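Single-structure report; data block below.
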Amino acid sequence: MGYERLGPSGATGSVTTSTTTAPILNQVSTSEQPENNNRRSKKKLVVSSIVLAISLILAAAIFAGVRSRLKLNQSVPGLARKPSQAISKACELTRFPELCVDSLMDFPGSLAASSSKDLIHVTVNMTLHHFSHALYSSASLSFVDMPPRARSAYDSCVELLDDSVDALSRALSSVVSSSAKPQDVTTWLSAALTNHDTCTEGFDGVDDGGVKDHMTAALQNLSELVSNCLAIFSASHDGDDFAGVPIQNRRLLGVEEREEKFPRWMRPKEREILEMPVSQIQADIIVSKDGNGTCKTISEAIKKAPQNSTRRIIIYVKAGRYEENNLKVGRKKINLMFVGDGKGKTVISGGKSIFDNITTFHTASFAATGAGFIARDITFENWAGPAKHQAVALRIGADHAVIYRCNIIGYQDTLYVHSNRQFFRECDIYGTVDFIFGNAAVVLQNCSIYARKPMDFQKNTITAQNRKDPNQNTGISIHASRVLAASDLQATNGSTQTYLGRPWKLFSRTVYMMSYIGGHVHTRGWLEWNTTFALDTLYYGEYLNSGPGSGLGQRVSWPGYRVINSTAEANRFTVAEFIYGSSWLPSTGVSFLAGLSI
């Protein structure tokens, strides 16, 4: 199966892509535009340094409060190099206990912590310091000449480390707050771990030893440190959660098992905007190719949008085909809402793939990481084609993101649900291999999922979920949707095998609930990644599905696969419980089913 993505970390016999590594050049990767690259590099270094300084100031301030509260006295002679009972007990619950003990013993404040709840402050603070150091160390490479593939991996890493420092800073602020929400902390820690994985995976196949070796050293143990944070935090809030493979979200009080037109927490004015005809919407920015708007391009509109806005900024993109390649709503562009003229009318398109010597992360035609992102009535497309392998149409890493009434069209790796909490409603998603993939906590509801005709000898796999740690609150929940064959796949008369998903990482988690599954889906339902990898640690579930492909009699018999028979278990993957849709603080909502009922 040479068409596959890179194999899972730590797996033997993993499959690699057929992409050839770019030759090492004695020039910067974007030699066609050296001045732009130098500006970008200098800007990246300055931004990274500023982010690091702010993060360290925040961590120091918060840590000072923790120090005062715990009455730290790290210098007690009898305690030197001997872990406290709290450290020993907490680290026993982690997946990396030796690193847990050693790292905490070397960090101020740990020995004075008397419980796991006290220790979590120190643990997150320590992890934040390590990520901040990695970001600072990485920034020193900004001016180094790199071949294109190494430059893409490096740029991805710097961005992801920056996002992780922000996520860990928010987690640290939250754990010292009396009003902390456990689901927020778990989400941000999960995102930091996912960011690290994406960063390291970007260097797979990179032959630039100097850059790769430097980054490998800078990133050492970061994944394990976040994993330990997740374990200690989970145990400090609910010890029972850690005992099972899936840590499921707790049921929210007051959430009814019925359809709500809009979330209760959504502002009345914004509720109207989501359903309001375009002609009645007062947009802050209008994009029109003919010049009859605020901007002619989407990239210009994104630049014009304010940073860290406390209100919804509406960008209306008029009908037309916008091919600007690698558009991105950055982390500081929060609360942006993109409104188009409808599926197939407003089209955001691109054709980047890994064959352009860039990471999968950078192939996205459109990407959004700013919290509270909403897109409505737009088509996102990557036209690179099946022969170009990984080619993302839409990548979402924004927390509390909503994609409503959109088309997402591609082949391999069409939709990258990268991280944080996401909700898709009434979307049409087209692809072939692993075309819904990533490690967000995401619910797709009332969506149509179309498998297309792949290349010869390829198999279609709808999902490739990459949950790496049992304490991450991530997974893909497909609820009240339709799994269908596109017209080109129908024409093959069943010669192409299509599967519901396969495990990209060890604790991969995907469920299909109350959905229609077409006859093109193989009777086994699910496909191995390779041999027996993750078959006993994954969580794949099916609940009350219908259609000719929903039969359970010949499904796989893996230890991690289950037919869900309990309503309580199925409820764990609903909007209300899996992504806490009814409690999101930013106003980023859409009509949805809170529970299971249709």
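Yeah, the Cβs are placed from backbone N, Cα and C, and that goes for glycine too.
Some features that Swiss-Prot has for this protein:
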- ASP413: active site, proton donor (ACT_SITE)
- ASP434: active site, nucleophile (ACT_SITE)
- THR360, GLN390, ARG502, TRP504: substrate binding site (BINDING)
- CYS427-CYS447: disulfide bond (DISULFID)
- 1-40: region 'Disordered' (REGION)
- 81-232: region 'Pectinesterase inhibitor 34' (REGION)
- 284-582: region 'Pectinesterase 34' (REGION)
- GLN412: site 'Transition state stabilizer' (SITE)
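For the region 'Pectinesterase 34' (284-582), the model's average pLDDT works out to 97. Across the residues the record lists as binding substrate (THR360, GLN390, ARG502, TRP504), the two Cα atoms farthest apart are 18 Å from each other.
THR360 (substrate binding site) counts 26 other C-beta atoms within 10 Å of its own C-beta, drawing on all protein chains shown. Counting every protein chain shown, the Cβ of GLN390 (substrate binding site) has 29 other Cβ atoms within 10 Å. Between THR360 (substrate binding site) and ASP413 (active site, proton donor), the C-alpha separation comes to 8 Å.
In this structure, the CA atom of the residue listed as 'active site, proton donor' is 12 Å away from the CA atom of TRP504 (substrate binding site).
Secondary structure at ASP434 (active site, nucleophile), taken from DSSP and collapsed to helix, strand or coil, is strand. Secondary structure at THR360 (substrate binding site), as computed by DSSP, is helix. Cβ contacts within 10 Å of GLN412 (site 'Transition state stabilizer'), excluding its own Cβ and spanning all protein chains shown: 33. In this structure the C-alpha atoms belonging to TRP504 (substrate binding site) and GLN412 (site 'Transition state stabilizer') are separated by 14 Å.
Taking CA atoms as the reference points, GLN390 (substrate binding site) and GLN412 (site 'Transition state stabilizer') are 5 Å apart.
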